[in-house]
Amino acid sequence: MAAVIGVLGIFALFYVGAFVAFCFTCRNTIPDVLEPSLLEARNRPSRYGSISTPIVGQAPVVRDLESENLSRSSSSLDITDIDLMPDAYSDKNVVRTKTFLFVADLSHKGSRFHGKKSQLYMWNLLIVAVFYALPVLQLVIIYQKVLNDTGDQDLCYFNFLCAHPLGDLTDFNHVYSNLGYVLLGLLFIINTARRDVLRRQAQANHDRLEKFYGIPQHYGLFYAMGTALMVEGVLSACYHICPTHANYQFDTTFMYVISMLCMLKIYQTRHPDINAEAHAAFSVLAFVVLLGVVSVFEDNLAFRIIFSAIHLLACVALSAQVYYMGRWKLNLGVFKRIYVIFWNDFQAGPSNWFRPMYVDRMFLLVIGNLTNVGLAVYGLMERPPDFASYMLAIFITNLMLYTLFYIIMKLRHGEKILCQAVFYICLASLSWGAAMYFFINKAITWRKRAAESRVFNQECAILNFYDFHDIWHFLSAASLFFSFMTLLTLDDDLAYTPRDRIPVF
């Protein structure tokens, strides 16, 4: 009982900390004078012959130059003869070809449009979670019932040296230790909702902030991330009712979801107009889950070769989409277009291959593709027996690379990382390091039969109730929460920076 209550007490401290943080940041501190926004000045109506100074605070100043222009020129000017090229500010095929892009260039569709689009992630996630979790729960309950009725202890891979039964559950502690995912996922949703409320209040009082300043705030993906963390806790608990190699996919599926949602959120931050649609993202995840199911039954060399080919081709197609800012259709024709561009550049001179127009984007894509090639080669050469973990490693590695790239580029462009974000980065790094130590010290192995796997069983490590894998559950839940909070607070320094001064990378 002390072990059960103790865990609740530990996670209650997270809620206390969040409440304290809320008390210190319960109000919007909007500066009296904002930096001038060129985008706002451009969108403000004015008549030809007048120049409007950038808005500082709330007081626009207009200086009429009509008399000055008349004194300088005696000839009349018909403004219909002048092409002001308004499409340079609105046409996406013009804007997205600029060498240096700013967030204002990729946020033309409006806050309401992006808000509705972002909320679709949440609703799609809830639908997927319900239809995925219910059959899983039914299946593992049947497993537990068969185990209880037959007494066959070799049906599931338990750590019998630290398995505490409760009711019909053979291994209650490994089920209960997943509570952290649910509690911290809920806490992250609460933190997101608090920020959403503060944003709406600021928007009501200063509507200019929503249109012209800071990173466009769309919280749908954050809500989806918190919900996915809660669902991960439920599915991980289901897996631990009867852990087997076949059931392990239940534990990893929503880790794929969490990884993809985090990458999409990082990309959405500075590319709101060209972020992936919710249905497209979940269609990709459905295909990934299908591959995981196939691997349970057909994990042979032919399958690994096919998977590696799909993996690398997907990386190439996605690279083209990212490099050209969504101006290419993502279909089978993308590979022909890539070939044509490479061939034309080669004919113009092989050195053109090493002089990309968008250097930062190319650097990210080269590093990312080389990393994925390395992962594919490792998968073919070593053929790790746990394909689900290998596929999860691909997602996690790409997420870590993208996060690191984002932070480095942020610092490179002279942006700041505020103390709160630094605090969460440090906590996430420390907790992930500790969590991985306990994760690699396994008490079971699927390379042997369940009875033979008992040789690897370990004694309880804490309170004579929790083993290393339980500690992994606690630490990984905290790590994911701190990682989410890092993404939530990383760009707080840009809240009052004009969007036409926030670079895209």
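In case you wondered, yes, glycine gets a Cβ from its N, Cα and C as well.
All TrEMBL annotations are machine predictions without curation.
Per TrEMBL, the features are:
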- 6-24: transmembrane segment (TRANSMEM)
- 121-143: transmembrane segment (TRANSMEM)
- 175-193: transmembrane segment (TRANSMEM)
- 221-242: transmembrane segment (TRANSMEM)
- 279-297: transmembrane segment (TRANSMEM)
- 303-326: transmembrane segment (TRANSMEM)
- 362-381: transmembrane segment (TRANSMEM)
- 387-409: transmembrane segment (TRANSMEM)
- 421-440: transmembrane segment (TRANSMEM)
- 471-490: transmembrane segment (TRANSMEM)
As a test: from 6-24, 121-143, 303-326, pick the stretch that has the greatest number of Cβ pairs under 8 Å with the transmembrane segment (362-381). 303-326
Does the transmembrane segment (279-297) reach the transmembrane segment (387-409), going by 3 or more CB pairs under 8 Å (6 or more apart in sequence)? yes
Other parts of the chain folded back onto the transmembrane segment (471-490), taken as Cβ under 8 Å at six or more residues beyond its ends: 7, 10, 14, 174, 177-178, 180-181, 183-185, 187-188, 191-192, 195, 222, 225-226, 229, 233, 236, 258, 262, 265-266, 406-407, 410, 417-418, 420-421, 424-425, 427-428, 431-432, 434-435, 438-439, 461-462
Between the transmembrane segment (221-242) and the transmembrane segment (175-193), are there three or more C-beta pairs closer than 8 Å, counting only pairs 6 or more apart along the chain? yes
Residues of the parent chain within Cβ reach of the transmembrane segment (421-440), under 8 Å, 6 or more residues beyond its termini: 407, 468-469, 471-472, 475-476, 478-479, 482-483, 485-486, 489-490, 492
